[in-house]
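Down below is the structure, laid out as structure tokens.
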Protein chains: 2
Amino acid sequence: MNLTILGCYAATPRTFTNPTSQVLEISNRLFLIDCGEGTQVQLRKNKVKFSAINHIFISHLHGDHFYGLIGLISTFNLLNRNNPLTVYGPVGVKEIIKLQLKLSNSWPQYELNFVELSSNQSEVVFEDDKVIVKTIPLKHRIYTNGYLFQEKPKERKLNVAAVQEYQIETCYYQNIKNGKDITLDNGKIIPNELLTFDPPAPKSYAFCSDTVYNEDIVEIINGVDVLYHESTFLESEEVLAEKTMHSTAKQAAKIAKQANVKQLLLGHYSTRYESIESFKDEAQTIFEQTQLSNDGVTFQF
Amino acid sequence: MNLTILGCYAATPRTFTNPTSQVLEISNRLFLIDCGEGTQVQLRKNKVKFSAINHIFISHLHGDHFYGLIGLISTFNLLNRNNPLTVYGPVGVKEIIKLQLKLSNSWPQYELNFVELSSNQSEVVFEDDKVIVKTIPLKHRIYTNGYLFQEKPKERKLNVAAVQEYQIETCYYQNIKNGKDITLDNGKIIPNELLTFDPPAPKSYAFCSDTVYNEDIVEIINGVDVLYHESTFLESEEVLAEKTMHSTAKQAAKIAKQANVKQLLLGHYSTRYESIESFKDEAQTIFEQTQLSNDGVTFQF
């Protein structure tokens, strides 16, 4: 599981900082999460293959999370994209994009789909044979969802030496990898654990931005490998954080601790701070396994 | 008159090239012309004072000319702008901006006005005591206008030595600067040309992008100091230029020559070409006074 941070700063794009966008690579799928202005240039700078992005998840309709979407959709068309593209986001995102495509008379040649969200309960929005994506209802000034990306349990690894020893035919291998025991011709049952090794544990990633401190999400994100939680402010601005419905680094750490996540990744920093190191320092007083996201950084989990 | 090129490349923003946007400083007014994605970052990089921009002129609703507008409007608000802002552009621009501001629940605190255009005749869209701005109807795949910025004739310069010699009182100076003759107490008439010097000639700038080769604009832009004319393609792509309703460098030069402009500035280059020098070479076979625009360059005229 790789996560590339295209942008992790709040409010406006600036000369050296970018608004929210991330690329998550999980089970060989590439998901784009949020799409602030300039995301397509950040994709180029970070050498992400445009055509591999088939799903874009938008948290909410504040500009620093989606103003780059219309440009990316248009550029996909100029690049002669063929694959369908699906955009997941709050009700309204479809109207905004369609209106602009209509007025520019440039409806894409590829299939463009929208999954519009309005529920305040966590729901599955994407599922295939390897990955499942659920919403994480957040509390912000406008309707907002985080997203939980979970790998499905992987098939067990074949113990090649063992299956050869028992002279099991190849046609049974898939059943074995699926966890089944095998009955030999002499009637003897070989339990699956003698024929396989444990698969790698499925990975999970929770993206939570933007949100005020909200313990309701703890249950949904419980035990994830990586939690990206917004930390727009430091503790000194706690009142402002609540007023603007954002979180502090310490609050993000509290959520990480309660949800028993393996790692916390901070981001969505206000540009008022000269350095972001203090965010880590504050969070680590609560939750040690904290890292700072930063534009252009790729994390391997 | 200063012109700062924020972006002058066609189609999509890239790592080192930006879509169309320019800042024209004329008679101490700052006009933003077109606003492709990333314009607000280009304004920062080029150290343009955000608050001095009160008028934004949008040529047409293709993304590379206006996808940065919503972001700039939002950022103005975050920067606590007070001055009114007026956006000039094709019918539809208001609906696009208002829809996004509504869905993000972030209507600006400053006064935001729209002047929507639909005429196919040149019309005055802005006028104050020093500058007048007219549309230049262009021919492109969708409704498009260029803009002609003209300084109004300036008042004559007082010949201080002469007015003192004739002992003319200060209260008459404004009339003299306005071109009036003066009658002395003894009845003698002093003609204005003895009391003043010629003022600097009013400057003019014509922005023409995007457009197919169109001689109809020659009359409107006749004699301007500077003509920015799109040159998306070289002559080798002339057929493609006509098909996509763009111009070649040579066609831009033909318009410049017919309109008897003082200088031609090329731009809106397709990113298919490795170097833009050929654009100048081709244009100069027709019109010698040709310069190449490029991102981040400021021209003084």
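Just so you know, glycine gets a Cβ as well, placed from its N, Cα and C.
Taken from TrEMBL, the feature Zn(2+) 1 binding site applies to B:His60, B:His62, B:His140, B:Asp210. Residues or ranges marked as Zn(2+) 2 binding site by TrEMBL: B:Asp64, B:His65, B:Asp210, B:His268. Residues or ranges marked as active site, proton acceptor in TrEMBL: B:Asp64.
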Residues close to Zn(2+) 2 site centre defined by B:Asp64, B:His65, B:Asp210, B:His268, Cβ within 8 Å:
B:Ala10, B:Pro19, B:Thr20, B:Asp34, B:Gly36, B:Ser59, B:His60, B:His62, B:Ser209, B:Glu230
For the binding-site residues B:His62, B:His65, B:His140, B:Asp210, B:His268, return the ones with C-beta distance to chain A below 8 angstroms, or 'none'.
B:His62
Least buried by Cβ count (within 10 Å) of the binding-site residues B:His60, B:His62, B:His65, B:His140, B:His268:
B:His140
When distances run from the Cα of B:His268 (Zn(2+) 2 binding site) to each of the binding-site residues B:His60, B:His62, B:His140, B:Asp210, the nearest one:
B:Asp210
To the nearest whole angstrom, state the Cα distance for the pair B:Asp210 (Zn(2+) 1 binding site) and B:His65 (Zn(2+) 2 binding site).
9
Note the Cβ centroid of B:His60, B:His62, B:His140, B:Asp210, the recorded Zn(2+) 1 site, then list each other residue of that chain whose Cβ lies within 8 Å of it, in sequence.
B:Ser59, B:Leu61, B:His65, B:Leu138, B:Arg141, B:Ile142, B:Thr144, B:Ser209, B:Thr211, B:Met245
Neighbour tally for B:Asp64 (Zn(2+) 2 binding site), based on other Cβ positions within 10 Å of its Cβ:
28
Work out the three-state DSSP category of B:His140 (Zn(2+) 1 binding site).
coil
